[in-house]
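In what follows, a single structure is set out as structure tokens and then discussed.
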Amino acid sequence: MAKERGLISPSDFAQLQKYMEYSTKKVSDVLKLFEDGEMAEYLQGDAIGYEGFQQFLKIYLEVDNVPDHLSQALFQSFQTGYYIEDTVREDVVCLSDVSCYFSLLEGGRPEDKLEFTFKLYDTDRNGILDSSEVDRIIIQMMRMAEYLDWDVSELRPILQEMMKEIDYDGSGSVSLAEWLRAGATTVPLLVLLGLEMTLKDNGQHMWRPKRFPRPVYCNLCESSIGLGKQGLSCNLCKYIVHDQCAMKALPCEVSTYAKSRKDIGVQSHVWVRGGCESGRCDRCQKKIRIYHSLVGLHCVWCHLEIHDDCLPAMGHECDCGLLRDHILPPSSIYPSVLASGQERKTSKISQKTMDDLSLSTSEALRIDPVSNTHPLLVFVNPKSGGKQGERVLWKFQYLLNPRQVFNLLKDGPEPGLRFFRDVPDYRILVCGGDGTVGWILESIDKANLPFVPPVAVLPLGTGNDLARCLRWGGGYEGQNLGKILKDLETSKVVHMDRWSVEVIPQQTEEKSDPVPFQIINNYFSIGVDASIAHRFHIMREKYPEKFNSRMKNKLWYFEFATSESIFSTCKKLEESLTVEICGKPLDLSNLSLEGIAVLNIPSTHGGSNLWGDTKRPHGDIHGINQALGATAKVITDPDILKTCVPDLSDKRLEVVGLEGAIEIGQIYTKLKNAGHRLAKCSEITFHTTKTLPMQIDGEPWMQTPCTIKITHRNQMPMLVGPPPRSSNFFGFLC
């Protein structure tokens with residue numbers, strides 16, 4: 001049977017990618033062995049035979065035996081013209097084609113992948129794709145769609161129409177320029193041809209080991225998993241099995257997007273047996289006897305729990321339940337190829353330029369959210385807060401559509417931002433520490449989004465000063481995530497100031513540490529607190545095993561603070577620097593300072609308020625001072641500063657002087673209200689004359705003599721949690 005060049009099956013391609021995930025070899029390493037190494041005997045000019053190709057795969061994939069069907073399919077995909085299977089071992093393939101293909105899979109640019117696939121299907125090498133070559137491309141796309149479980153009965157005419165649209169000049173053939181233009185704008189060619197493979201809903205469960213605090217029953221054999229015994233639970237559908245039953249489990253019921261036009265727009269219930277943790281039916285309000293056998297049903301989208309007998313009364317359509325405002329149901333996500341031709345032409349993606357060519361799986365799907373909802377884009381840093389991050393990740397994968405939840409350790413925030421780029425009225429939830437939040441805000445800056453979404457924070461780990469100021473707390477402690485999502489629905493938007501930091505070093509032989517950030521979200525400081533943080537940072541990098549618990553960290557921090565109070569390494573700081581606020585010098589001559597902090601938010605070091613609470617006495621003078629404090633760009637008058645309240649969005653910074661480590665400790669333990677209020681300003685410049693410790697948002701470094709300019713950069717919409725019943729929060733959040 002003859003087979004055309006390039007038509008490797010999607011399942012073979014998926015298997016190849018799995019091999020590549022575990023391989024540490026690079027194509028360049030293998031090529032050296034063929035060009036002048038032990039594999040040179042297999043080289044015939046620039047070609048290799050089937051045996052040489054098998055050796056290439058064996059070395060590159062680091063496996064002893066590549067399945068014969070896979071190696072033959074790959075070998076045949078690189079052959080020109082037709083072949084007879086009986087004589088496959090006598091044929092050869094071009095080594096440069098093979099190396100180019102695997103290099104692209106390693107991480108080639110999208111435009112390179114597009115150009116390679118064009119040449120792969122241009123079998124007569126005339127620089128255009130004629131009708132027969134386009135037909136072969138459509139065949140491959142159909143096979144890919146079938147592998148992805150799409151409804152292929154409606155797809156062929158859609159693909160034919162799409163391929164006609166690619167022929168922009170109507171010549172009857174497709175040039176390389178037209179192919180690249182289409183791939184860069186409206187058509188997800190790489191996905192449709194199988195070179196991007198994360199679209200597959202493969203029916204596989206996402207298992208995690210779990211010990212059950214109550215009697216549960218295996219979804220497969222229906223026998224009990226003993227109290228306190230370990231079984232496996234699927235993160236996506238809550239299907240539960242014994243360890244030994246996992247291999248025979250039914251496929252996962254969760255499909256994350258619509259695969260047919262008839263499924264777009266209307267979401268159906270997806271019922272899974274068991275998993276009725278509340279023990280009460282949401283239909284009849286009677287008990288579900290979950291302790292006696294595998295009974296009841298739960299919907300993976302609206303999370304309703306019902307008796308088996310109540311199912312006929314439930315209806316077909318699912319409204320996604322209490323969390324509908326946040327959820328993108330599968331009916332709202334569908335392959336962009338299923339959009340009408342006019343929709344593809346007017347797609348916002350088509351406005352992208354060739355310089356921004358980054359079509360990915362996300363852009364192969366279109367999102368049409370349910371009206372009057374605010375879909376939630378969730379970023380999780382699994383490393384934050386010990387194991388908290390991992391638990392939060394799989395909990396959100398169940399509560400929401402898994403395609404809304406992104407693991408930052410895999411590909412960072414960019415895939416999520418691209419996926420949601422054109423979604424109206426969406427929100428972002430960042431699960432991590434202040435550093436993770438800063439990473440997301442910087443990525444939003446770079447993404448040049450048409451709509452900048454408001455950002456909420458689920459704080460993981462310790463510190464979390466920004467989350468404290470935004471009323472999301474100092475750290476997640478296992479609270480009900482559904483309750484947190486309901487709080488998010490009633491949150492308010494505040495536009496938080498962000499500040500640019502420019503460090504201009506003086507000519508000196510001393511070498512400075514790299515500046516950790518160019519943007520301030522929380523605070524900047526010079527002197528004593530930065531010195532303590534820097535010593536802590538250096539010691540933790542040198543001896544990480546000594547910093548493996550919160551209690552140890554606190555003890556080390558206390559030790560460094562104590563030694564700093566004894567040696568006072570930043571004593572008489574005012575002699576080593578000068579400060580200008582909006583071009584005017586700040587007088588420090590009457591003060592003996594060891595540190596200066598510049599605050600954008602009224603929380604540092606895990607909840608310390610260096611600015612202090614603002615008293616609100618009555619009287620005309622107070623009213624005048626308060627009015628001045630709310631409007632002036634520069635304030636240094638002590639009486640007016642007493643009335644100033646920190647504000648995240650007033651485009652001004654608070655400047656505080658610190659006498660030493662003891663004073664910082666007193667503020668931290670609430671024995672002292674605040675440091676010395678020095679100024680409130682919209683721009684500040686430091687000139688230093690010696691090497692000093694500094695920090696931005698908790699990241700310390702040693703800086704040689706320099707000039708530091710801090711200016712307003714922009715504002716970012718942030719979500720403020722609902723007011724607590726009894727609030728001790730400060731400033732405008734009181």
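Glycine residues also receive a Cβ, built from the backbone N, Cα and C atoms like all the rest.
Keep in mind it's a predicted model, so treat the numbers as computed, not measured.
Taken from Swiss-Prot, the feature Ca(2+) 1 binding site applies to Asp122, Asp124, Asn126, Glu133, supported by sequence analysis. For Glu133 (Ca(2+) 1 binding site), the Cβ neighbour count at a 10 Å cut-off comes to 19, with all displayed protein chains included.
Taken from Swiss-Prot, the feature Ca(2+) 2 binding site applies to Asp167, Asp169, Ser171, Ser173, Glu178, supported by sequence analysis. According to its DSSP assignment, Asp169 (Ca(2+) 2 binding site) is coil.
The feature domain 'EF-hand 1' is assigned by Swiss-Prot to 109-144, with sequence analysis given as support.
What Swiss-Prot records for 154-189 is domain 'EF-hand 2', and it gives sequence analysis as the kind of evidence.
Here Swiss-Prot flags 371-505 as domain 'DAGKc', drawing on sequence analysis. Computed over the domain 'DAGKc' (371-505), the whole-number mean pLDDT of the model equals 93.
The zinc finger annotation in Swiss-Prot covers 204-252 (among others) and is backed by sequence analysis.
The zinc finger annotation in Swiss-Prot covers 268-318 (among others).
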Test of understanding: give the count of other CB atoms lying within 10 angstroms of the CB of Asn126 (Ca(2+) 1 binding site). 10
Where DSSP helix means H, G or I and strand means E or B, what are the helix, strand and coil counts for the zinc finger (204-252)? 6 helix, 16 strand, 27 coil
Return the residues near Asp169 (Ca(2+) 2 binding site), defined as same-chain residues 6+ apart in sequence whose C-beta is under 8 angstroms from its C-beta, sorted by sequence, else 'none'. Glu178
DSSP-wise, what's the residue breakdown of the domain 'EF-hand 1' (109-144) into helix, strand and coil? 26 helix, 2 strand, 8 coil
How many Å separate the Cα atoms of Asp167 (Ca(2+) 2 binding site) and Glu133 (Ca(2+) 1 binding site)? 13
Asp124 (Ca(2+) 1 binding site) and Ser171 (Ca(2+) 2 binding site), Cα-Cα, nearest whole angstrom: 18
What's the CA to CA span in angstrom from Asp122 (Ca(2+) 1 binding site) over to Ser173 (Ca(2+) 2 binding site)? 11
Check: same-chain CB within 8 A of Ca(2+) 1 site center, minus Asp122, Asp124, Asn126, Glu133: Tyr121, Thr123, Arg125, Gly127, Ile128, Leu129, Asp130
Would you mind reading off the Cα separation of Ser173 (Ca(2+) 2 binding site) from Asn126 (Ca(2+) 1 binding site), to the nearest angstrom? 11
